[in-house]
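Some notes on the structure that comes next.
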Amino acid sequence: MALLEIKNVVKRFGDYTAVNDVSLSVEAGEFFTLPGPSGCGKTTLLRMLAGFEQPDAGQILLDGQDMSQVAPEKRPVHTVFQSYALFPHMTVRENIAFPLKMAKWDKRKIAAQVDELLEDVRLTQFGDRYPHEMSGGQRQRVAIARALVDRPRLLLLDEPLSALDAKLREEMQIELINLQKEVGITFVYVTHDQGEALALSHRIAVMSHGKVEQLDAPEKLYSYPKNRFVADFLGQCNVLEGTVKALHGDAMTVALKGCGDVKCQAVAGVKEGQQGWLALRPEKVKLDKELPELPDEAYFKGRVHDCLYLGDVTLYVVEVADGVLVEAMQPNNIPGVAKFFDDGDVVEIAWRFDAGSFLTE
């Protein structure tokens with residue numbers, strides 16, 4: 001049985017439906033992420049899991065028990081927010097111990113539990129410091145330790161890293177992954193950061209307009225998006241309009257608008273003449289001054305329209321026809337492979353027939 005089950009949950013604010021008939025389940029010990037753009041309903045859903053909002057319809061089951069109308073303090077659930085909400089007049093140790101003191105735990109048990117959490121979040125030497133004496137990342141770890149100290153069944157995290165700088169955010173992602181493995185508690189994590197969702201999660205439910213667009217493992221979502229929204233939301237993606245021209249076995253020919261025919265993998269239920277879009281990740285596109293024309297590859301000549309140097313890679317935008325742009329990602333640091341091109345250079349691009357996904361919605 002799943003630890004958490006969300007069944008047909010709806011939440012309205014006046015005439016606005018923030019969460020629209022969402023159903024999903026989360027397994028015990030899972031790191032589950034809800035990414036989506038602002039206003040997609042992810043935070044409202046998290047607030048219902050915490051008990052800060054009540055659903056207008058549907059059920060929220062935790063260990064098989066309906067929690068939809070249970071008060072927040074009665075749920076075995078804790079929440080970590082973007083703001084750390086630490087008590088400034090208390091030390092790190094006192095902040096972490098606070099929930100246990102309120103629950104009237106024995107002092108020796110409190111001390112042992114706090115010591116264990118300090119070790120889990122790698123802050124053993126900071127127990128006697130005050131919040132203002134610590135970095136943002138350290139304060140966030142204290143907030144997480146406080147939320148975990150009485151071992152809740154479920155930890156909710158509402159964009160906890162968004163206030164940190166990019167480098168510290170990356171470090172904290174690794175800390176969170178290791179911490180979740182160590183404590184074994186189920187995490188449900190809300191973020192607008194696609195990279196964060198891909199890096200942290202066992203599974204991801206991408207949300208848009210109050211609905212779950214697609215739920216799967218990160219690598220499946222990235223490689224096999226269900227629709228244009230998911231393809232475009234999770235990382236860089238070429239989305240090229242086209243029409244199915246012919247079907248042949250496990251492949252099909254698609255006429256890309258403005259630039260010619262390509263082969264791609266067949267999609268169940270697709271018919272000749274059907275319109276759609278080829279979703280193609282830039283790192284799957286080969287780019288060079290000259291490329292061999294191979295039978296299982298799409299091939300185009302073009303001109304470099306723009307280039308964006310990103311350190312380890314460069315993103316090239318290649319115009320292959322009037323107004324038709326294809327992005328190609330090239331590594332910069334591989335000996336014998338790294339090549340650089342300038343705006344206006346004439347180049348050739350190619351990709352394997354199975355490199356992209358044909359989308360019908």
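Including glycine, each Cβ sits where the backbone N, Cα and C put it.
Database features (Swiss-Prot):
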DOMAIN    4-234  domain 'ABC transporter'
BINDING   GLY36, PRO37, SER38, GLY39, CYS40, GLY41, LYS42, THR43  ATP binding site
Neighbours of the ATP site GLY36, PRO37, SER38, GLY39, CYS40, GLY41, LYS42, THR43: Cβ within 8 Å of the Cβ centroid, same chain, sequence order.
HIS192, MET207, SER208
If you count the other Cβ atoms within 10 Å of each Cβ, which of the binding-site residues GLY41, THR43 comes out on top?
GLY41
DSSP on THR43 (ATP binding site), three-state: which is it?
helix
Applying a 10 Å Cβ distance cut-off over all chains shown, what neighbour count does GLY39 (ATP binding site) have?
14
Which of GLY36, PRO37, CYS40, LYS42, the listed binding-site residues, has fewest other Cβ atoms within 10 Å:
PRO37
Same-chain residues at least 6 apart in sequence whose Cβ lies under 8 Å from SER38 (ATP binding site):
HIS192
What three-state class does DSSP give SER38 (ATP binding site)?
coil
